[in-house]
Amino acid sequence: MDWITTVDHKKIAILYLWAGGLFFGIGGLEAILIRIQLIKPMNDFLDAQTFNELITMHGTTMIFLGVMPVIFALMNAVIPLQIGARDVAFPFLNALGFWTFLFGGILLNLSWIMGGAPDAGWTSYAPLSSSTYSTTHGVDFYTIGLQIAGLGTLIGGINFLATIITMRAPGMSYMRMPMFAWTTFITSAIILFAFPAITVGLVLLTFDRILGANFFEVGGGGSPVLWQHIFWIFGHPEVYILILPAFGIISEVIPTFSRKRLFGYSSMVFATILIAFLGFMVWAHHMFTTGLGPVANALFSVSTMLIAVPTGIKIFNWLFTMWGGQVRFTTPNLFAAGFIPTFTMGGVTGVMLASAPADFQFHDTYFVVAHFHYVIVGGLVLGLFAGLHYWWPKMFGRMLSESLGKWTFWTFIIGFHMTFFVQHFLGLMGMQRRVFTYLPNQQFDLLNLVSTIGAFLMGVGMIIFLINIYLTSRKPADASNDPWEDGRTLEWTIPSPPPEYNFKQTPLVRGIDAFWKEKTAGHTAMTPAEPVGSIHMPSATAIPFVMSVGIFIAGLGFMFSRDEFGNALMSFLFNNYIVTAIGLLITFGAMLIRSLYDDHGWHIEPEELEGR
Amino acid sequence: MTTAHAEAANGTLPHEPERATAEGRNKVLAFWLFLGGEAVLFGTLFATFLALRNQTNGGPSANELFHLPLVAAATFILLVSSLTSVFAIQAMHRNNIAQLRNWLILTVLLGLGFLGLEIYEFSVYVRHEEFGMTTSAFSSAFYTLVGFHGAHVAFGIAWISLLIGQLSYKGLTVVTAPKIYVSAMYWHFIDVVWVFIFTVVYLLGKVG
Ligand code: HEM
Ligand SMILES: [Cu+2]
């Protein structure tokens, strides 16, 4: 119950972590099944339809329901602490964002048991995704599930923007903000400007499928290429929504374990902004082969390659930070160090793909699959592992085991390279992506076998990580404020895990790496910016949960509105949009209650604060 | 946190009550951000419409369909409602609750008038011109863009009506003022969107 009504950012972080972990597990299982199917030529382990459903759900689940919430988990756990705030700007919205995400994700995954998962690829290209070619409810689950989950992401993005703009501790100017706070800020801005585009795209596709509209139906005058534009104008920025937080994590971990300031802090900030800006200019590099013409292809090709410049700046800054530092290879830092070469390789294949004539060869082959897994798994997932190991003691008060952490790292990274390195060659040799089998004796056999073994090894790494979590959770919560001993930022100045009000007194920030600055001046704690006083807290509430349940019901109702049911009552309820209306009534009713009864919250008084 | 209800009556309410508390300021800021997202949303819908506006699939075209006097009347009504919502906020800044309420009621009534005209317009198209959601890519894009805007208007009407209700039993406080202010921002936004719809959908449909 506590978990359903909580509005505390630290608890919401944990909710995001478990939910994201769950979906990550489902996506991982789907990946293993895909790799088993491809272990040998002409395998009949899966049929073509199931294979299509698996690749679609794997991609969709991983991107929208797996890594995004883990990113949000770390942001929620860390950002208010790093900027010296007692909470996010809108605790209620924070909870609402989580619950809409979760119910969207559940809706999407219900498709497995309710008559067929989405099968048109995670990009849902029309006309494959039209009701002509995708006849189950699969793509409806995709459009409506993602719509609901996307709402949660958008809410989260606005919340973090407002939080970072208004709730920084005194003295923390923008140019003194930790890099993870910066990348969260920029990521949230990208979310704000990219997600509404996919919102519209999903609405249009829903209308095509459920209301018989003609947006992407060539027969009615529509255009499938329009879908690709809308999808990628969201989709390319989305990959920066994923990678920028990882950049932020790496920029926290490397300085801590090098006992050095981040090299080129201001160039890091501007590189981040530049990447975000360019990210919106390059979407059509996913569409070189749709026939946009040589001029458009050339322009998008050049603008894409430009992104390599700020990205390169970042890579060199991390290397220069380690250079001459007192580097300690703790588990978080191992992951951070592993991130750098792996992500760089993904960037290099990206530049190769960005060359339009070359892309005509690579497009829709395993070369593309290798590229994006190098950036997303070799980049983002390694970054998330670094962040999770790094902040785990702050979130839970317990240090993860270092030796198991190293085992996780080595099995995962070796498995990763085994899985995806060979896929570059499979792609160059012409193996197509999204096809459920291949013929023998095209020299695909051995490399596919290697790839599948690698995937299992990654799975082993994940299991070791889970064991580590389990064993750690049975140890006493005795982590100190600054368990890595070289913490540089504000989250390391308060207990692990932090009390629900975070800071007894808001700290005064006197420079970049505020805590480190005090340490070098010989202080062991921050100078407070205010006297101890009464702290205002928001009250817990189940309204966000109820609102999300309502949206979930409305989504299901709309999806089945054109179905025929054996049961007369069911037909009546669904075909007349009554279920949809009930769902919306629940949501708006809850909103109404929220608006009528002002939530004045409660206070923690100074005596209580001292009494600890 | 203030719980006072009758601050306006006591004359203790500050000049800009919507910005008097940190929460109020946060709300206004977040709403600006939200409108940024809404702008992208409508931008995408406009782009879609522009891409598909000549794809009539043998059905009616914009030129045959649109009846400008009706749309001009709707436009006029909506623009006036923006003005009345400005007056409402000015009344709020003078702490004049009665005037605030009256201007808000007028805004809602004008919004209802606009919505009525739009529903009438759609029903004519559907019943007499055989122009429905499924007719063509143009019709899909038209109903989606204009209908989305209409849904925003409907939501705005419901929202402001509720705030009028709250105003009469909670009064004007530093809690209700930001809500009213933000709803006025929203109302202006949908007005601006309508100006674009009038130009891009209707005027361009008639001449181009
Ligand atoms: C220097 C940086 C990068 C460049 C130049 C680049 C370039 C490209 C190009 C040209 C494609 C299209 C390939 C094709 O479909 O034929 C592509 C695909 C892709 N990229 Fe990147 N990329 C870069 C970084 C990233 C990052 C950082 C991510 C994610 C975190 C990413 C994720 C993806 C994904 C998911 C696809 C495949 C989409 C699909 O078809 O399913 N890329 N990249
Ligand atoms: Cu891209």
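Note: Cβ is positioned from N, Cα and C throughout, glycine not excepted.
Keep in mind that what you see is a predicted model, and the values were worked out from it rather than measured.
Record features, source TrEMBL:
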DOMAIN    A:1-510  domain 'Cytochrome oxidase subunit I profile'
TRANSMEM  A:12-34  transmembrane segment
TRANSMEM  A:54-79  transmembrane segment
TRANSMEM  A:91-114  transmembrane segment
TRANSMEM  A:179-205  transmembrane segment
TRANSMEM  A:225-250  transmembrane segment
TRANSMEM  A:262-283  transmembrane segment
TRANSMEM  A:295-313  transmembrane segment
TRANSMEM  A:366-392  transmembrane segment
TRANSMEM  A:404-426  transmembrane segment
TRANSMEM  A:446-471  transmembrane segment
TRANSMEM  A:542-560  transmembrane segment
TRANSMEM  A:572-593  transmembrane segment
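Between the transmembrane segment (A:91-114) and the transmembrane segment (A:572-593) there are fewer than 3 Cβ pairs closer than 8 Å, counting only residues 6 or more apart in sequence, so the two stretches are not in contact. Tertiary neighbourhood of the transmembrane segment (A:572-593): same-chain residues 543, 546-547, 549-558, 560-563, 565, selected by CB-CB distance under 8 Å and a gap of 6+ residues from either end. Of the Cβ pairs linking the transmembrane segment (A:225-250) with the transmembrane segment (A:12-34) and spaced 6 or more residues apart, fewer than 3 are under 8 Å, so the two regions do not touch.
Only pairs six or more apart in sequence are counted, and the transmembrane segment (A:54-79) with the transmembrane segment (A:542-560) gives fewer than three Cβ pairs under 8 Å, not enough to call it a contact.
Distant neighbours of the transmembrane segment (A:179-205): 71, 74-75, 78-79, 82-83, 124, 126, 129, 139, 143-144, 146-147, 150-151, 153-154, 156-158, 160-161, 164, 213, 215-216, 227, 230-231, 233-235, 237-238, 240-241, 244-245, 247-249, 251-252, 262, 265, 268-269, 272-273, 276, 279-280; these residues of the same chain sit at least 6 beyond its ends, with a Cβ under 8 Å from one of its Cβ atoms.
In the predicted model, the domain 'Cytochrome oxidase subunit I profile' (A:1-510) shows an average pLDDT of 96.
Within the same chain, residues 4-5, 7, 92-93, 95-96, 98-100, 102-104, 106-107, 137, 140-141, 144-145, 147-148, 151, 206, 210, 573-574, 577-591, 593-594 sit at least 6 positions outside the transmembrane segment (A:542-560) and bring their C-beta atoms closer than 8 Å to a C-beta of that stretch.
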